[in-house]
Structures are given as C-alpha cells and as structure tokens.
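Single-structure report; data block below.
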Amino acid sequence: MSGGDMAKPLLGHGSMEGDPSITPAAGRTIGVLGSGDFARSLAIRLVCSGFKVVVGSRNPKRKAGLFPSAAEVTFQAEAVKKTDVIFVAVFREHYSTLCDLADVLAGKILVDVSNNTKINHHKESNAEYLASLFPACTVVKGFNVVSAWTLQSGARDGNKQVLICSNNQEAKRTVAEIAQVMGFTPVDMGCMSSACEIENIPLRLLPAWKIPIFLALGLFLCFFTYNLVRQVIHPYIREQKNKFYKIPIEVVNTTLPCVAYVMLSLVYLPGVLAACSQLYYGTKYRRFPDWLDQWLQHRKQIGLLSFFCAALHAVYSLCLPMRRSHRYQLIEMAVKQAVEKKMNIWVEEEVWRMEIYISVGIIALGLLSLLAITSLPSIANSLNWREFSFIQSTLGFIALVISTLHTLTYGWSRAFDENQYKFYLPPTYTLTLLVPCTVILAKVIFSLPCIQQRLLRIRRGWEKGRYVKFVLPSATGEYSSGETSSNV
C-alpha cells in the first residue's frame, strides 16, 4: 500500500479552516495503546496523516515489526508520558490491565475505539466503563464505526463519518481535529450517554435493508408460487406431464423479472402518493404518514434489489440454452419437423417479437445498472444535485417505461389467447403490469401543465387556504390593512 494516497485527507485543510473551533493538528504526538489489527491500522493512518505516533505495548520488541518504521513502539508507561491524546485500542475485558497506569494517565484524553460483540451486551457502554476506571482522565468515544480496512486504505474507500461523544467539549474538539486531518468527517453525537448508541451501530446488520429484503422475498414467494402452479402443477394435473425439472431454472427465471419489475415501480410509487397528498391538502408542510415516510426512505434499497433481481434474470436467461432439457426439446422438435416434412418454420412475427424483446431488455438492464452505480456514495458524492436528480428521477422513470415495453413485447398478443390461462389464472406478466402502469399513468397526468404548475407552486411554499396580509390605500389617501386567501 502506498503511503502517498493515504497521506492526502479527503476533506483537505481548506474544509478545516472553515470551522473556527478546529485548528490544524498535524505534527502533534498521538499515543496508541494496543498492538492488534485496529491499533496497527490506526498507527499507519496517523503516520501518513503527518502525526508523530507512539505505540504502547507490553511486548514492544516483539510488536515493533508490525508497525510502520516512523512510529515509535515502546512500553505502555513510556508511551503515555509522551502524549496527551491516547487511543485505547484494547478490548473492554483488558481495561483493568491499564489500572497500573492510572497516575500517569491522569489529565490525559483517552479515545475509546472499542466495540462489543452483542447489542447492549453490558449495562453501561465501554466508554462509560473506561471513564469509571480512570476518573482523572477525559474519555472520548470515537472511531469505533470505522473499520481497520478503512483506516489503512483511506477514508475514500469506506465510511467517512467518525461519530464522537464526550462530556468535555474541548476534548471532543481535539479528537474532531485529529479526525479531519486523517480525512474523516467528525460528527458530534453529544454527551457520553450517547456512547451506548454509537457502540451498537457497527453491530446492526443492514438495518435499512430489512424491510426491502422482506418485501423482495415476499414478492418472490408469491410470484414463484403463482408460476409453479401455472407451469408445473397445471400440466401435471390436466395432462399428466412431469415438468418438475423446470423448477430450478425456468420457474425461477420467470419469477425474477416479475420481482425486479414490480420493485422498480415501487421505487417511484411513493413519490406519486406524496404528490397526490400535496395536491389534495394544498401544502408541502403537512407531514406524510409514517408508512409513506418509511417507504420514501427505503427507495434506494428497493431499487438496488430490483437491479439485483434483473441481473440474476439476465444470467439465468443466458443459461437457458445450456440445459440438457433444452437440448432434448430441440432434438425432439427437429425430429417432429422431419416426420411432418416441414421445410420452413420461420415465423416473422415471432422473430421480430424476440428481437425487440431482447433488445429492449438489454437497454432496461443498462439503465438499471446506471441507477445502481450512481446510488453508491462514492459515485453520488461526485455528482451535483441536478445530475443526481436527472439520473435517479428522469432516467429511472425512462427505465421503468422501457421495462414496461420489455414486458409488453414478451406478452405480445398472448394475453388474448385463452390457452394461456391455466386454471383460469392470467399470465404472470399481466399481473406485473398493474403497479408500473399506474405509476406511468400518474406521471403522465402530473406532467399536464395545469397540474404540474400547481404542484410546483406547492413545493415552493404556496398553501391552500393560507391568508396573507395586504395594505391598500383608502379614498382619503390613508392606508388600511386587510387579508385575503392565497389561493384566490
């Protein structure tokens, strides 16, 4: 790993100068207690950011080779004496081993970077426990949400936020100063009582993905069951044909595009409902219902899951000709044509349908890929607001329209063929068209000038039924006040 890249903080000194409470800190000496993976990564990042680093270890001779040559590795007591800011990179159960250093640590700033193995594992947070062991020290909780990989590779390859909390404002400013020089964004989380919440953050497994994942799984199970009945159960009951071999590939491949298509429409449906609410109440200041608010916040995850299902559908489709069953069917069809002496089986309509179907599907997948890439923080941060809005909103809606065309060309005229209705159940693609077509129709209606202008006025602050004061001159030349409704 080159130290040149790591030595360049993402925020730069310019952003630090914008905050009068934070001054450049590069060059000061920072202590690190511990010799584990996180301690080594922390020492590397501090050295590359211009700090002098002193590492305190119980076995300095054996651990010295693990740290950069610019860092001084010595005994813990010696390291503590050389600095006023010390990162405590040891586990909670080893805090007691530092009690012998209580006198030397008095008056120092201790930065607790530890995490637990379970959420709310202890009654008190690790930082509060450390503060109780060393009452003469100032404890700051921070850097626990940053991984060792992020420290080594630089903030641009991971989360740039460093959550900080402490009961001492001056100590928080000092740690925030160090974090900014290292290229991170310090976030003040308040007093030490927030430490428990900060320590729980790294232990939560995809908290923003639970609802979208359950939604995708629910849609998958519903469509999978529906397709299973139509493609496998129906021929087995009505024609005594064993087609259970279709379950692993063909039934799944029929289900995935349904989930992807509906999930994509669910990304834009809450925006339609929000616009309807604003038009109905005539204001943008009325809070949306909690379910709609949560739905709006999960649109990114829903969109990424839509892209995931679409990508799987593309891979499954490419694998269809590789199946042994498909080869048997081709041979059987060729033998049947030879027996019936059919020389030309070319069907112009079917050829055009498949050509258009595949072409439109590739375009839709390409647009979904663009939406997924630009939703990544590293890419989104390089776009301005208008660029991001154009890609996610305008191109996203175009992707929904093209996906609709992809679905329609797949169905073609088969929706009107009575043989396609198995157990009187309509083809699956006809069901998937309900929500997307509703969204597209609503978008078209909202684009009408009369509705678009009213919605734009509401989003700029206009409110229905709001009264505004005005002043008019009277016949005698004096001014009299009155009020009128803003929707007149």
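Just so it is clear, glycine is given a Cβ too, placed from its N, Cα and C backbone atoms.
TrEMBL entries are annotated by machine, without manual review.
Taken from TrEMBL, the feature domain 'Pyrroline-5-carboxylate reductase catalytic N-terminal' applies to 29-116. Among the features that TrEMBL reports, transmembrane segment is placed at 211-229, 259-281, 302-323, 356-376, 388-409, 429-451. Taken from TrEMBL, the feature domain 'Ferric oxidoreductase' applies to 259-401.
Tertiary neighbourhood of the transmembrane segment (211-229): same-chain residues 247, 251-252, 254-256, 258-259, 262-263, 266, 294, 298, 301-302, 305, 309, 422-423, 425, 428, 431-432, selected by CB-CB distance under 8 Å and a gap of 6+ residues from either end.
Where the transmembrane segment (302-323) meets the stretches 259-281, 356-376, 388-409, 429-451, the count of C-beta pairs under 8 angstroms peaks at 259-281.
For the domain 'Ferric oxidoreductase' (259-401), the DSSP-based tally of helix, strand and coil residues reads 119 helix, 0 strand, 24 coil.
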